[in-house]
Amino acid sequence: MSELTLTVMRLGFLAVLWLFVIVAVQVIRSDLFGTRVTQRGSRREAGRQQQAARQAPPQQRQQATGGRRGRNAPTKLVVTEGTLTGTTVALQGQTITLGRAHDSTIVLDDDYASSRHARIYPDRDGQWIVEDLGSTNGTYLDRTRLTTPTPIALGAPIRIGKTVIELRK
Amino acid sequence: MSSTTNSPTHHTSTIGAIGAPSRRNTELALLVFAVVIPVFAYANVGLALNDSVPPGLLSYGLGLGLLAGVGHLVVRKFAPYADPLMLPLATLLNGLGLVVIWRLDQSKRLSNYAEAAPRQLLYSAMGVALLAVVLIFLKDHRVLQRYTYISMAGALFLLILPLVPGLGANIYGAKIWIKIPGLGTLQPGEFAKIVLAVFFAGYLMVKRDALALASRRFMGLYLPRGRDLGPILVVWVISILILVFETDLGTSLLFFGMFVIMLYVATERTSWIVFGLLMSAVGAVGVASFEPHIQTRVQAWLDPMREFELSRAGVQDGVVHSEQAMQALWAFGSGGTLGTGLGQGNSDLIGFAANSDFILATFGEELGLAGVMAILLLYGLIIERGVRTALAARDPFGKLLAIGLSGAFGLQVFVVAGGVMGLIPLTGMTLPFVAYGGSSVIANWALIGILLRISDTARRPAPAPAANPDAEMTQVVRPS
C-alpha cells in the first residue's frame with residue numbers, strides 16, 4: 001500500500017471521527033427544547049406582527065432617515081397607580097382597551113371606570129393615541145379631561161378613576 | 001411579547017413542556033454512521049498491515065451492524081423516547097475497540113497471547129443482549145427502588161467474591177477477578193458498580209434531608225452531625241478494605257468517588273466533597289504506606305523510566321517490575337498530533353494488557369492527539385447525556401441513579417485514561433466499551449440500558465392537560 005494512500009486514509013479517518021463528534025453535538029443542540037410559553041391572544045398578535053413585518057421595510061427606512069422617532073417610541077405601557085400597579089403591557093402595534101369589561105386588554109377593577117372606558121392605539125405614523133370611549137367619569141391626560149383622541153407624550157400620566165398609566169420607553 | 005396581567009386572579013400565560021419528538025430516526029442515522037466508522041477503520045488496518053482489505057471485513061461489519069440494529073429495534077419498541085445519542089456513542093466506541101483489539105491480535109510481538117477480537121465480539125453481543133433484557137424487563141426504573149437493601153447486600157457479595165479462596169484469581173497483583181471453571185474469569189466489580197449505584201440512590205433518596213439539613217455551619221462549610229457521618233464512613237471503610245485486600249486502587253476510588261458524587265447531588269452540600277477528598281487522600285496515602293503492590297504502582301507512576309530499566313535488567317526484588325507504563329508513554333509520544341495511522345504504530349511493545357488496560361495507548365499512537373481527543377469527547381458525550389437524563393428525570397430516585405451511573409462511568413474513564421497517560425498511578429481498570437474484557441463490556445451495556453430506561457421515562461411527553469376554561473374566557477376578543 002502506498003504511503004500516500006495510507007496518509008489519506010489516516011487523515012480521512014480522523015476527519016470522519018471528528019465529523020461524528022460534531023454531528024452528535026448538533027443532535028444535542030437540536031435536542032434542547034425548553035418550555036413553551038402560551039400567551040393570551042398570541043395568535044392575534046402574531047398575525048399583527050406578521051402584518052407589521054410585511055409593512056416594515058418602508059417604515060424602517062423612514063426611521064433610519066428620521067432616526068429620532070425610532071429612538072423615542074414607547075415600548076411599554078406601565079400602570080403606576082391603582083390596584084394593578086406594576087403591570088406592564090408591551091406595545092407592539094396592537095390596540096389596548098381599558099375598562100371593567102373582562103375582555104379588555106387591561107381589566108380595571110375600579111368602581112369609577114366604565115366597562116369600555118378608553119383605548120390606546122397607534123396611528124398610521126406610529127404615534128400612540130388615547131381615546132375616551134364615552135366613559136361616565138372621563139379619562140384624564142395630565143389634568144385635562146379628554147374630549148378627542150389625543151397623542152400621548154412619553155411619561156404623561158393617563159388617569160382613569162383611581163388607575164394611572166403611562167407610556168415608557 | 002405582551003406580558004399582560006389584567007387582573008391579579010388570572011394568569012396570562014401557561015408554561016408547558018414542548019412535546020419531545022421521539023428522535024428514533026436520528027438515532028438510526030447516527031447508528032449507521034457509528035457502524036460505518038469502525039468498518040472504515042477495520043479496512044484501514046488491513047490495508048496498512050497486509051496490503052489488502054481484510055477477509056473478515058464483511059462479517060465484522062455485519063456483526064457490528066446486527067448488534068446496532070438489534071439495539072435500535074429494542075429501543076424503538078421498548079423505550080421509544082429514550083435519548084438518541086447513547087446507543088450510537090456506545091456502538092461507535094465498542095466498534096473502535098473491536099478494531100483495535102483485532103489490530104493488536106495481528107501483531108507478531110503479541111502472538112503468544114490468545115486471539116481476543118472474536119471473543120470480544122461475542123462479549124459485545126452478550127452485552128447488547130443484556131441491554132435488551134434490561135429494556136424489556138425493566139419497564140420502570142423505580143422498581144429498583146424496592147431492592148435498595150438487597151442491592152447493598154448484593155454489591156457487598158460481589159465485592160467480596162474475589163477474596164473467597166479457590167474462587168478469586170490473583171492476576172498480576174490485583175485480586176479483582178473470579179475464576180469460573182470452564183468459562184474463564186469474571187470481574188464482579190464491574191457489575192457491583194451498577195448494583196451499588198442502585199443502593200446509593202435508594203438510600204440517599206430517603207436520607208438526604210437528614211444529611212442536608214441537620215448540620216452546623218463552621219468556617220463556611222456545613223458540618224454534618226456525627227451520626228450522619230455514619231454512612232460515608234462505612235463506604236469509606238469498605239473502599240479502604242477493597243484497597244487493602246484486593247489491592248485495586250481503581251475499584252476503591254470508583255466506589256468511593258461514586259458515593260461522594262451522589263451524596264453531593266443529593267444534599268447540595270459542598271462540605272461532602274471536601275470531606276470525601278480528604279478521606280480518600282488519607283486512605284490512599286495510608287494504605288500506600290504499607291501495601292507493596294500499591295507502592296510499586298506509585299513508583300512506576302513517579303518514575304516510569306526507572307521501572308522500565310529495572311524490568312529490562314530483570315531485577316528480582318520481590319515485586320513485579322513492568323515496562324508497560326513507560327512503553328505506553330512512548331506510544332503516546334510517538335503518535336504526535338495526528339498519529340502514525342491505524343496498524344502502523346508500535347504500541348504492541350506494551351505487551352501484556354496492551355488490548356485491555358493500555359488500549360488507549362494504541363489509540364494515542366495510531367490516531368494521535370486528535371484521535372484521543374475525539375475518543376475522550378465521545379465518552380464525555382455519553383456522560384453528558386447521562387447527566388442530562390438526571391436533570392430531566394422527574395423522580396429523585398431516577399435522578400440519583402442516573403447521576404450515579406454516569407458519574408461512575410466518568411470516573412472509570414478518568415481512572416483508566418489518567419493512569420495510562422501518567423496523570424495518576426496506574427490501576428487495573430478497563431476503558432468502558434473499548435478495552436478487551438467481557439465483564440466490562442457486558443456491565444457497561446447494562447449500564448447504558450438503565451440510563452436509556454430512565455431517559456425514556458424522563459423524556460416521555462406527559463399526557464396533555466385538560467384545557468383551562470378560564471384561559472379561553474380571558475382572551476382578547478376584538479371584532480376587526
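Each Cβ is built from the backbone N, Cα and C atoms, and glycine gets one as well.
Per TrEMBL, these features apply:
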type	residues	note
TRANSMEM	B:28-45	transmembrane segment
TRANSMEM	B:57-75	transmembrane segment
TRANSMEM	B:87-104	transmembrane segment
TRANSMEM	B:120-138	transmembrane segment
TRANSMEM	B:150-171	transmembrane segment
TRANSMEM	B:191-206	transmembrane segment
TRANSMEM	B:227-245	transmembrane segment
TRANSMEM	B:251-267	transmembrane segment
TRANSMEM	B:272-290	transmembrane segment
TRANSMEM	B:358-379	transmembrane segment
TRANSMEM	B:400-427	transmembrane segment
TRANSMEM	B:433-452	transmembrane segment
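Between the transmembrane segment (B:191-206) and the transmembrane segment (B:57-75) there are fewer than 3 Cβ pairs closer than 8 Å, counting only residues 6 or more apart in sequence, so the two stretches are not in contact.
Here the transmembrane segment (B:57-75) sits against the transmembrane segment (B:120-138); at least 3 CB pairs are under 8 Å, leaving out pairs fewer than 6 apart in sequence. Beyond the ends of the transmembrane segment (B:358-379), by six or more residues, the same chain brings 89, 92-93, 96-97, 100-101, 103-104, 324, 327-328, 331-332, 334-348, 350, 409-410, 413, 416-417, 420-421, 431-432, 434-436 to within a C-beta distance below 8 angstroms of the stretch. If you count C-beta pairs under 8 angstroms between the transmembrane segment (B:251-267) and each of B:28-45, B:87-104, B:120-138, B:150-171, B:400-427, the highest count goes to B:400-427. Panel annotation: around the transmembrane segment (B:28-45), residues 53-54, 56-57, 60-61, 64-65, 68-69, 71-72, 84-85, 87-89, 91-92, 95-96, 98-99, 102-103, 106, 341-343 of the same chain, lying at least six beyond its termini, place a Cβ under 8 Å from a Cβ of the stretch. Of the recorded ranges B:87-104, B:272-290, B:433-452, the transmembrane segment (B:120-138) has the largest number of C-beta contacts under 8 angstroms with B:433-452. Listed as Cβ neighbours of the transmembrane segment (B:272-290) (distance under 8 Å, sequence separation of 6 or more from its ends, same chain) are residues 221, 224, 232, 236, 239-240, 243-244, 249, 252-253, 256-257, 259-260, 263-264, 298.
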